[in-house]
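Colleague: Pasting the feature list from TrEMBL:
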type: BINDING; residues: A:Ala54, A:Gly55, A:Ala56, A:Gly57, A:Ser58, A:Gly59, A:Lys60, A:Thr61; note: ATP binding site
type: COMPBIAS; residues: A:694-708; note: compositional bias 'Low complexity'
type: DOMAIN; residues: A:33-320; note: domain 'UvrD-like helicase ATP-binding'
type: DOMAIN; residues: A:321-607; note: domain 'UvrD-like helicase C-terminal'
type: REGION; residues: A:692-714; note: region 'Disordered'
type: REGION; residues: A:729-748; note: region 'Disordered'
Amino acid sequence: MDLFDSIAADAQFRRVGSAPTPAHRAEADALLEGLNPEQKAAVIHQGGPLLIMAGAGSGKTRVLTHRIAYLLATGRAQAGEIMAITFTNKAAAEMRERVGALVGDAQGRRMLVATFHSACVRILRQNYDPAGLKSTFSIYDMQDAQRLLGMVLKAQDVDVKRYTPRSIGARISDLKNELITPSEYISTMGSDPVSQIVAAAYPEYNRRLRQANAVDFDDIIMLTVQMLSENPAIAEYYQRRYRHILVDEYQDTNHAQYVLVRHLVGIGANAVAPGELTVVGDSDQSIYAFRGATIRNIEEFEKDFPNAQTIVLEQNYRSTGNILSAANAVISRNSGRRPKKLWTASGSGDRIVLDALDSEYEEARNVIRHIEALNSEGADWGDIAVFYRTNAQSRSMEEMLMRSGIPYRLVGGTRFYERMEIKDALAYLQAVVNPEDTVAIRRILNTPRRGIGDKAETAIMAHADRYGLSFGAALDAVTQGETIDGLSPRAATSVAEFWTMLADIRTQAESGASTAHVLDELISRSGYLAKLRESEDPQDASRVENLAELLSVAEEFDVERRQSGETEGTLAAFLERVALVADADQVPGDDDRRGAVTLMTVHTAKGLEFPYVFVTGLEDGTFPHRRSMEDMSELAEERRLAYVAITRARKKLFLSRAATRSAWGQSEAMAASRFLDDIPEETVEIGREPTRETYGFSSGTSTSSNSGIAFGSGKPGSLQSTFVKSQPTKRLGSPAVGGGKLGQASAKPALKLEPGDRVKHGKYGEGTVTGIDGSGPQAVARVDFGGTQKRLLIRMAPLKKL
DNA sequence: GAGGACTCGATTTTT
DNA sequence: TCGAGTCCTC
């Protein structure tokens, strides 16, 4: 980075920015067409910090994209001076695309639109040294971080049953989100046992992270903030570079992110005049407090940033009047909020349908009944979404959908990138990129089994600790022929073989081999793939497919990189991309959504909209969640979550609950959700009610203050939980192909396929080849299985040509 | 060191 | 109910 260049460039921007031509004027004015007065004000606002309080469906993204386009069209900013921060990669891509559509793709590409995390990784990679890292640093996800923390806790003789890595990790995460360093913590902590453990584990955990040349999610923000505050010259560089900072979903920022924003804008920090800051948010949609987000940031915006102005958007362009009334009623019960009422110029629309069923299976069946009706009235499956509070609830829904043959798509849950085989493969890649990555290396050291067991691992660890080496360096020593106490010659040979293989592949990677090639080499030469293919376990068959899918993701990534001309650090970039994907990134866009019902948690649904929305599990204990019912602030967050769920619906909203729900195989009586009590009676039509026999007494025992629509409140204890015996459910749609068969399939010479061929797949059935990517052993077929698109590695997938 | 049987705890929500 | 982690035997 060259400061003088940037200053010179900056001066040039300034000049261009001063005088809009008439052509510019017309283009800029066109951007204001069709906006309401508040939206218009938000778009043209100039100067001081701006807070846009954007209610659900109030055209927030439109305002943000038009504001950026307006800045560009009036010449107030160059694309390269704009940094827009979102919470998901998908939102970032969407914003870039929409701005591109307004002002041209070339401009769109020159802006920095990214999530907090990817923007910070970018900054850290550019300044790894002052941040105390090496350029190849790894990013640990929660799983990796907990693994490392587990090692630390065990080394410190902590009872990890009582104090789990998960709970201690959550505490450390909170501290990092508050930018509290280990030494600061020690001087302020309490004396309870947990605090003691945290105080001891936190510094050691950080030390081991740095030793492994790795950062966790929270470090990404915290280290960036620390680096910027310790290096004013670097901070100044970014302040000069980015003159317009826009932050979406500001209500979800935590303290560290807030401080980061201040650094980027540069409030009085140095000679540079502060950049223009725009934040957009809705405190009623703050649903990430558990992750450290604080509404404070949005509530105190005007105090934090002098001369700030606030614009409130309340007109809703998404939902019907009934849906908005329900949403307003639910959220209005939260105290201490800045009053805000959504309104719509369109009519009240259909009533909200409220159904109560006997069990979660009945509830699922009921949803399907409605879905089929909607579909026969002409709705596309893709216009329909089903939401639930927790991922575990998706199961009953999925089973019923499979039976009914309705195509569906589940977003989130056990994520692709969290699956064992994917994590293993990525750990191999990580070990190639960063030879000091202890967690990655230890994960794959004996996977597949190669005779390096606990004893050997412990011996190597001890050796590393004694000489202050990283785990990788100790493996290196073994490979060089050094003998280590407690390491058998057999194990040593195995270690040397393993490490030599990695080194060899690393050489290939460094001399420019593609990501896909490196990945393929790793899973083949390590024996990982062979092991899975030999297995009789049908689960392993789908693992092989998942690896094939990962390979095709890598292939796609390689192509993308080649096209963009970036050839350096491709492997690291791939790992980075993969580490920072979120559930929400997997949500298909409007066009790809067609043809399948979408299932997801309410959290994942934030920011989306569907014509038809089902919110399920409206029971006290499910939604609001049991663990949030005691604490007032947590209950308030549940209420905001309900508000988010309701406001996703455009045309019609279906709410349902089950009178009994089974958790851990045990059926339990559930009372109606308190949120149902708040929904105005006139907006609702009561559909099904639970069958009488389920209950000791009749329905209508609602404690509701105003409406009494909490129909059929099942009083716990008043029923025999054995009553609703859902039939034993078999997992349907399990892979029809066993591991053995698959092994054969892949042993055969690769199938010759071309677009238009009909094929039969062991799991997905018959489909049509729509395209072939790549060639030779990496050839991937794009196959359409009756609306579901799949990418399959021809060499490995259980495919037959018809 | 590997593989199988057994126990125990888990369900919030996630960048 | 189910998966991960632990213990035990070969």
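Going from the start of the chain as shown, residues are counted 1 onward.
Glycine is no exception: its Cβ is also placed from the backbone N, Cα and C atoms.
TrEMBL: automatically predicted annotations, no manual curation.
What does the local environment look like for each feature on the list?
Modeller: Around A:Ala54 (ATP binding site), the C-beta neighbours below 8 angstroms that are at least 6 residues distant in the chain are A:Lys60, A:Val63, A:Val280, A:Gly281, A:Asp282, A:Leu313.
Across the residues of the domain 'UvrD-like helicase ATP-binding' (A:33-320), the predicted structure has a mean pLDDT of 92.
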Colleague: Report, as a single number, how many Cβ atoms besides its own are within 10 Å of the Cβ of A:Ala56 (ATP binding site).
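Modeller: A count of 24.
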Colleague: For A:Gly57 (ATP binding site), what is the tally of other C-beta atoms lying within 10 angstroms of its C-beta?
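Modeller: Its Cβ shell of radius 10 Å holds 22 other Cβ atoms.
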Colleague: For a quick check of packing: other C-beta atoms within 10 Å of the C-beta of A:Lys60 (ATP binding site), how many?
Modeller: 22
Colleague: Near the ATP site, what residues other than A:Ala54, A:Gly55, A:Ala56, A:Gly57, A:Ser58, A:Gly59, A:Lys60, A:Thr61 in the same chain have a C-beta no further than 8 Å from the centroid of the listed C-beta atoms?
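Modeller: For the ATP site, the extra neighbours are A:Val63, A:Asp282, A:Leu313, A:Asn316, A:Tyr317, A:Arg318.
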Colleague: At a 10 A cut-off on CB-CB distances, which of the binding-site residues A:Gly55, A:Gly59 has the highest count?
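Modeller: Compared across A:Gly55, A:Gly59, the most Cβ atoms within 10 Å surround A:Gly55.
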Colleague: Of all the binding-site residues given, A:Ser58, A:Thr61, which residue's CB has the most CB neighbours within 10 A?
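Modeller: Answer by Cβ density within 10 Å: A:Ser58.
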Colleague: In the three-state scheme derived from DSSP, which category covers A:Ser58 (ATP binding site)?
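Modeller: DSSP assigns A:Ser58 (ATP binding site) to coil.
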